[in-house]
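Participant: Let me begin by handing over the structure; questions about it come next.
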């Protein structure tokens with residue numbers, strides 16, 4: 001039967017919003033946001049969206065008005081009552097009451113702040129400037145909007161049949177990956193693909209497929225809206241943003257060196273248990289571990305995001321052993337552009353030696369490579385990031401363990417960071433996403 | 001928006017009919033049906049459904065009541081006015097008025113006759129007995145019903161996600177086949193897969209995909225309903241049924257030997273032009289050609305349905321040359337369980353030497369091999385046929401060029417046929433569908 005109302009409604013709509021809920025972001029943003037809001041809400045911070053895939057000239061693909069309409073729509077959103085109740089009442093990592101009532105109250109009136117959008121040399125320069133507690137929340141929404149708009153535009157010229165084939169081929173691809181993963185029932189992995197997703201509905205389909213098929217191997221999703229909607233575990237703790245801003249708060253070189261530990265000391269005042277995950281690679285993992293205070297090895301584990309993962313895992317195991325901790329009780333979360341074969345290799349290598357697990361991102365939620373029905377690459381994922389660029393009046397720096405992932409607008413500051421943190425254990429690797 | 005009416009209707013339905021229109025059959029049935037109705041309407045004939053894939057015990061898979069409900073539903077159908085107008089007014093093979101007004105009038109009151117359904121050793125014995133002009137029409141409806149019921153039952157235990165993956169994988173398979181075919185724009189092929197289809201809607205999707213993607217390479221479909229609905233060319237002329245029944249009308253061995261030519265002589269009284277396609281393999285192609293009357297080589301071409309196709313094509317070319325005809329002007333339609341690579345090989349071999357074309361059947365409309373999400377083979381195609389088993393009180397025989405495709409219930413009759421027609425040029429080949 002003809003559903004007249006739906007058909008007419010489809011003619012009427014003015015905007016198909018990408019972000020429809022402020023929960024549609026990575027869960028770690030809420031943990032960091034509460035932390036920032038409690039301790040450093042007014043630090044002046046700038047976030048900037050960076051497309052590391054320079055060959056894709058985003059400003060020539062996505063019309064500015066279309067991008068603005070999506071960003072403006074996100075700014076109209078506020079948290080819904082049921083979303084706030086979920087944040088306040090849900091158990092995260094096995095614990096209730098992670099979010100303080102005062103923070104939930106603050107979220108009730110939260111709106112995304114303004115943005116600045118310019119175009120330079122075919123690329124958008126999208127920046128968010130203001131109080132840290134306000135601008136920090138833009139990160140994932142901005143990434144998802146740009147990523148999804150690019151998909152939509154690439155698909156706008158496909159006819160109904162080509163679209164059918166596109167999704168059939170992509171479902172077949174992801175199904176083959178999931179089938180492979182099913183052979184390793186001891187693996188533990190989470191969906192981490194919000195920021196560079198093909199689209200929300202596709203991310204939801206993939207996450208649902210993982211949950212359905214992988215049983216206990218699927219431990220949850222980084223996406224708070226999917227966790228809320230489907231009662232999945234929300235996964236993720238913190239990101240490079242924290243040590244990067246802390247580094248900008250340092251008043252001298254000595255403080256800069258210890259900023260990476262000071263932020264963890266503060267974190268542990270606010271959170272405990274499973275939330276105590278170290279992200280050691282902001283300024284280089286080797287120097288971080290070598291000079292880390294004794295309490296750092298008591299934490300739950302680490303997330304490995306830029307060092308070649310076998311080397312990172314071995315380094316982690318050796319470090320815990322040297323510090324007198326049993327590595328087999330420590331969490332190792334790998335999350336750097338992972339694909340299935342690599343996850344399986346890492347699982348086989350580290351199984352029983354550490355509590356290895358995986359954050360599977362872009363290759364879960366946006367692997368359309370080879371699926372375009374006319375053979376184009378316009379749906380292949382690109383390397384989009386949204387990073388702190390300035391904080392406290394200083395140019396922010398992330399060195400990472402892979403120079404290809406270094407960020408920072410000031411060569412002098414990068415030079416200074418390199419002088420202070422050194423380059424030990426750093427090695428270039430190709431960045432796909 | 002919720003379409004309440006559709007949702008409630010979906011709860012209400014009593015039967016999801018497989019055959020919903022009497023046009024949902026192979027177009028050749030109408031050409032043969034008119035021929036039979038004009039000349040031999042009252043010959044007593046029995047058709048029988050045969051599952052050549054004995055390992056699949058159909059009667060243990062499809063409940064009898066379910067099969068009866070579909071067969072009974074088909075018996076309630078009559079031709080609709082717009083269907084009759086199409087048959088009467090449409091151009092087939094470039095010609096109008098192929099169907100006589102009296103035949104169209106006869107179709108107006110046509111209903112499918114009764115059937116007989118028994119079970120022996122896990123297989124259904126489904127037979128249609130009566131006047132030739134009545135029972136002949138059951139052939140394709142019966143095959144499609146059994147084939148599609150088997151698919152439905154195999155899919156009944158799959159959840160929504162598994163069904164999604166099933167079709168995604170199958171779409172990907174057929175898409176890869178169509179992509180291959182697109183590299184050969186001079187190829188000419190038709191969809192021939194009604195009888196062993198996965199389902200009507202899937203056949204329609206595949207045929208539509210072929211029409212969309214293959215351009216001039218797609219010459220049409222054997223399915224009259226799809227041709228009617230989508231303005232595709234209706235393809236097909238005649239089948240083994242005609243010489244098999246004519247052979248049963250023979251009163252002695254001499255008449256039996258010439259029956260295969262007598263039927264063509266009659267056919268040529270009724271039809272001409274592109275409809276003059278010889279199907280030479282009913283009792284063996286080599287003897288057919290060797291002893292054929294002079295006029296046979298004037299016909300438009302042949303359909304090759306059981307001899308190894310390279311041998312069949314070469315034999316055809318040599319025969320035309322020997323008979324003083326230019327093979328390059330003769331149609332060669334290959335139709336024996338073809339798959340893409342074989343069609344491409346045959347195209348490359350015969351291109352420019354004959355007017356080669358292809359009837360792509362089961363591997364287009366029912367290739368679910370390897371696509372079952374739990375790895376079962378319950379959706380793999382099987383070799384179902386519906387053949388004349390008796391006519392004029394005699395056991396009907398088809399020898400074919402492949403002994404694996406021989407049919408006939410009387411060993412003595414088969415022996416007699418073999419004695420009269422010989423075995424020259426016959427070779428065993430595996431039968432998949």
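In case you wondered, yes, glycine gets a Cβ from its N, Cα and C as well.
Unlike curated records, TrEMBL annotations are generated automatically.
Summarising the annotation, TrEMBL assigns domain 'Nicotinate phosphoribosyltransferase N-terminal' to A:23-147. Annotation comment: TrEMBL describes A:188-408 as domain 'Nicotinate/nicotinamide phosphoribosyltransferase'. Sequence annotations record features per position, and here TrEMBL assigns phosphohistidine to A:240.
Tell me about the surroundings of these features in the structure.
Facilitator: Around the Cβ of residue A:240 (phosphohistidine), 22 further Cβ atoms fall within 10 Å across all displayed protein chains. Mapped onto three states, the DSSP output places residue A:240 (phosphohistidine) in coil.
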Participant: By DSSP assignment, list the helix, strand and coil residue numbers for the domain 'Nicotinate phosphoribosyltransferase N-terminal' (A:23-147), in that order.
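Facilitator: Reading the DSSP string over the domain 'Nicotinate phosphoribosyltransferase N-terminal' (A:23-147) gives 61 helix, 25 strand, 39 coil.
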Participant: Compute the average pLDDT of the predicted model within the domain 'Nicotinate phosphoribosyltransferase N-terminal' (A:23-147).
Facilitator: 97
